[in-house]
Amino acid sequence: MDFFDRFAVPHPSFLIYASMVAIGLTVIAVLVGITYFKKWDYLWREWLTTVDHKRIGIMYLISALLMLFRGGVDAIMLRAQLAIPDNKLLESQHYNEVFSTHGVVMILFMAMPFIMFFFNFVVPLQIGARDVAFPRLNAISFWLFFMGAMLFNISFVIGGSPDAGWTSYFPLAGNDFSTSVGSNYYMIAIQIAGIGTLMTGINFITTIFKMRAPGMKLMQMPMFTWSALISNLIIVFAFPVLTVLLAMGTMDRLFDTKFFAIGDGGSDMLWANLFWVWGHPEVYILILPAFGLFSEIISTFARRNLYGYKSMVASMVVISAFSFFVWAHHFFTMGQGALANSFFSITTMAIAVPTGVKIFNWLFTLWKGKIEFTTPMLYAMHFLPLFTLGGVTGVMLAMSAADYQYHNTMFLVAHFHNVIIPGVVYAMLGGLTYYWPKMFGFMLNERIGKWTVWLMSIGFVLAFIPMYITGLDGQARRMYTYSEATGFGPLNMVAFIGAGIMAISFALLVYNIYYSVRYSPRNIGNDPWNARTLEWATHTPVPEYNFAVMPQVKSTEAFWDAKKNGHEIFKGKIEKIHMPNSSGLPFIMSCIFFVFGFSMIFSIWPLAIISLLGILGCLVYRSFEKDHGHYIPVEEIEETETKLRGAK
Amino acid sequence: MKLKWALLAMIFTVAAVLSGCEPLLVLDPKGPQAKVQADDIMLSIWIMSGIVIAVFAILVFVLVKYRASKQSADYEPPHIEGNMLVEAICIGVPIIIVIFLSVMSVKSNYEVEATPKGYEGQEPVVIYASSSNWKWHFSYPEEGIETVNYVNIPAGRPLEFKLYSYGPITSFWIPQLGGQKYAMADMVTTLHLAADEPGELMGRNANFSGAGFAENTFDVQAMSQTDFDKWVKEVHDTAKPITEEKFNELLQPGHLGRSTYTGTHLEFSPAPEHNHGSADSDKDSEEGEHHHESSDSEKETDHSHH
């Protein structure tokens, strides 16, 4: 029985048992459903083994939406617990686990795959490529991310969730103070997903540098592709730090090494430093693609070219460089002295300058435009004022002496939600609405979409603005409860109501998808938004090979040029197209990674060794495998093209 | 748009009413360090409000003026690449603001990291504040006293809190006297504070440290020097001495009420040797760092000028 004890949840409650049952039933229902409708073969052929960047993108999207739901439920639980003083809804340990998973899930398993979805779906189409540089590696990236995410998500029903915050500071996350396997899940699940992310970085840098359409110079790339390039460069520089950090944390927890231990030469602040050396650039990995999407959306619906293209690119380059010189602003209060704090205070504030340039450029893009308030545009127009508010509070936090008062309070919590929600989440949802027709051939309902945006902004303001106030009134973050005498009660109730309104807004988004699947018209053509860049020049739905003829590009807005100035994008005749083969290996290897991770988390060494050998076996097999891809013959392409043109 | 403004106005009114009853803790300083910080916060709020209002105004203006519904159907927006002068202004103005805030920030950094202004000449009260799950232990080496979960301080004298931890990283915070600082297991950090007036204040650990974190608070009583001396004498008359055995018992995880002892645990369980962040800490290693960092920060300022 000793062996099985380790899988028990250390702090069981009714909610957890209910979730176990729900998860079990859902899994059974899905398996039975697939079998009943005889979809196993379809699933394996078209999805599990695919190397098509569009399909991989859609799988990232589905994962991100699922994780948004998971992280959102966590958020509602947190706000409900804090809604009234001395609330007994969650106990302290449970609350700690919920906010720890909320942070990890939202940043690493919701926002990251969401931007990966955009990288995958949009970048190759925007630069006129037929796939990414390394399609098979791309599939491995996705499946490693997916297995990492799933591994992390089972923690709350098997063995217990991490309970040391999403930052997982040692020594709190060490064996002495975090006794369940929760922090093992943190170290290993994020490691597996992180390896996938690192590969994505390499893949997309190569794709963008080597696979642009003939004629497209670097300074003619659409702004989203620029943001993707810089974001992936940051990934390649920052993620190795995370890899090393998690490896050290894993060794501290599993093998009793002393990197972050109390005494024996260990250093607790080493974790905090390394974490934020990765963690701060990570924030820009998320926000730059969001900026890129807003640039596309604003330019499309202002019916104007993007103002200050060059300064937009330059500002992103400056932001990415500075992002590596600000990490200590996450712990001004560590006691490193006035000089070090002054350095990091100034570098942090300096980032406001390039960010401000971007805000002004968007405003000038609207100037003399012909602004149409579609749903994506509405997201962008709510983003601008709300993000500005989040940005200026960031400058306030950058003032290190004052930060001694903001640090660890709800003021900080308000600030980073104020940049991440209007910044990243609005970009993701706006971008999703924008690219939806390209993916699925019909549009999301505009009326429901606009309701979603308004409700989300109202909910957001109610949920997070009060936190600025309670923070200044001394409410520390991560407190599972507070007494009535503190006076935090009313504003926390307002925040809870705001969170509820945001939940309604997300429900509306889901309803919109259902509604639009049923009722949206299907004959919308290739370019429903009257857009400007290459991805709208090809058919909807996009054929497997993306472009039958390689596009020719002469400006930043190739498709707009074609529409307005008669520029000919598709010159030449159709030739046979070389495409990569599907492969089951990425999926199989990632499954073995899942087993490896699980056995490491629970210290089941024989299984860990066997699965490690399995992973090595997959790598060896791939090294000797001969796979030269396949050609799509001209007749087949012509047939597809005729069919797609007819569908218009 | 109107709906949004009405809503924002409503929210701020509600917020103002709710918070108006009592001033917010951080903005109601009772000591010189908290005053520096509150002044910085208020000044930055005003400057930032200016920026937010400017951006809102431009946004509303362009959205109203250049809406598609307001324009003729055949209006074709022009192609504009960008304008050097406009972009120079968009970079220049933020740079000026950032330089101004940087100067302010650096100045305040040196103020909060030193003996509080106006208290320079006086002998500071040194108090070792160490945390254990989930309590605070205060040792007064000069007075030979130790307390748990409460700290009495003389008003009108500079205070030097020496912080360290017997467990996870914690953060020592008395909002009305000044901002927080970390207490860690392998080094001692120094927090310079002072209380202007006698009074009762709230203190807490602000850094998440596990299951008992929410209740990890302590009471602060600022009193006149005479009352403080009287209290010290009283403790020596009535309290029992702290022993190693008793102290180890106190260190056990959990919550405790207030208690008082004579002597300090520093005698048998001294604070970690490595000092950090104090004005009088070991000079050699600090100087090496100074050199390196000042050259870095010069480079950074150069950068932002161009």
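From the backbone N, Cα and C atoms, a Cβ is placed for every residue, glycine too.
No curator has checked TrEMBL annotations; they are predicted automatically.
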Transmembrane segment range according to TrEMBL, out of A:272-295, A:344-367: A:344-367
Long-range neighbours of the transmembrane segment (A:313-332), counting only residues six or more past its ends (CB under 8 A): 219, 223, 226-227, 230-231, 233-234, 237-238, 269, 272-273, 276-277, 279-281, 283-284, 288, 291, 340-341, 344-345, 347-348, 350-351, 353-355, 357-358, 397-398, 400, 403-404, 407
Leading stretch by Cβ pairs under 8 Å, where the reference is the transmembrane segment (A:185-205) and the options are A:344-367, A:448-469, A:489-514, A:583-601, A:607-624: A:583-601
Contact ranking winner - A:379-399, A:448-469, A:489-514, A:583-601 against the transmembrane segment (A:419-436), Cβ under 8 Å: A:379-399
Cβ contacts the transmembrane segment (A:583-601)/the transmembrane segment (A:379-399), at least three under 8 Å, sequence gap 6 or more: no
Per-region confidence, the domain 'Cytochrome oxidase subunit I profile' (A:38-554) (mean pLDDT, whole number): 95
